Amino acid sequence: MASGRLIKLVIFELLEFAAFSIPTLVIMEQFATAYQRTRNASEKTHYWLIVSCSIAYVAVVSLLIWVPVKVLLHKKRHLYKKIKGWRPVMMMCVVLTTLPSFIFSIAVTEVQKTINTTVDVLPDTLPDLPVSLVISSLIITDIIEKLRFHPIRGYQKSNEDKHIHTSSLQQVRTVTEQVRQNGENAASPCAASPSETWQPPGALTHSAVPMFAGPQEPFFGSGILKTMSRRDVRAEIFLWSFLLWSDTIEMVRVAGHPNVYKTNWLYPVYLFSFISLLRIIFTPQNPLLSCLGILLQDLPFVFVRLSLIIALGTITPVLGLCKNVLVTLSYVYFNFLTRFRAFSNFELSPF
């Protein structure tokens, strides 16, 4: 009987291969259908030629790149120690699947423009399935790569739960130490002279600042509230993996607007959407992810969304533009401007 680890490995590999191959086949079939309309409708030669080329591409890439890399990483596990900061599987998905899919999605639109000779007779919106399938497959592959390091069965606490529990212990320990220090000070009234203990107002230490600047997080030990407060780290992987790419998903959906895909605005929207997806190549705990999130997504999206709003109106949500602007400004302020003297004054008030 197969072990649970082997079953998990087989299921994960099959899901990843499906996410790697299916988007390319779907996009290429859509391109073949659009291209066939430019030819004789009774003949399917061009259609089947393009479909067969897409199948051949997936087969060649899988046999020459995907399978060898997968086998090498599985057999030579020590190679993971030499790979720092990025993930080979996600690199293959982005370069070999996502990039061709985006290119042929643009090609489908161009072929439709060639068929109709005018943009006025084009469909009102682009089909959402192909592009959504590409991004969903990429996110699913990312989730699988994260779940490899977690067991499928059993219960695992969320990291945030552990942080709250640790913070509570630290707060209890701090209060106990303060009470003990107050007792020692009261027991020794013969302290140092005022000239030795006096400090100027600007020389207050960090311990003088109140520790509890906000409301405390509740903790439920039993009952229905404990059941409702359960958070498993594996479920949160699914949640945050989709939330992380919601901005890119919204930007890609803008490409389906008739005022975008019927004009040259389609190119910058797809280009910067693909650039933002490059962040998925890096490991989840990479220290460069915050900076890359600004450089590859938020900052470019500010200019793209602002240009779209100025040229075409509010076809992209203003909330998305506000998010990109605020995230970019907050990153620059808290990471760089606060290092200057004018922004580095110590705050005595917790409010």
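Any Cβ shown, glycine's included, is placed from N, Cα and C.
Note that the coordinates shown come from a computational prediction; the quantities given were computed from them, not determined experimentally.
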* To do: According to Swiss-Prot, one residue in Asn40, Asn116 is annotated as N-linked glycosylation site; name it.
  => Asn116
* **Annotated range (Swiss-Prot: transmembrane segment) out of 121-141, 205-225, 226-246** => 121-141
* Intrachain neighbours beyond the transmembrane segment (49-69), with Cβ under 8 angstroms and 6 or more residues off its ends -> 17, 20-21, 24-25, 28-29, 31-32, 35, 88-89, 92, 96, 100
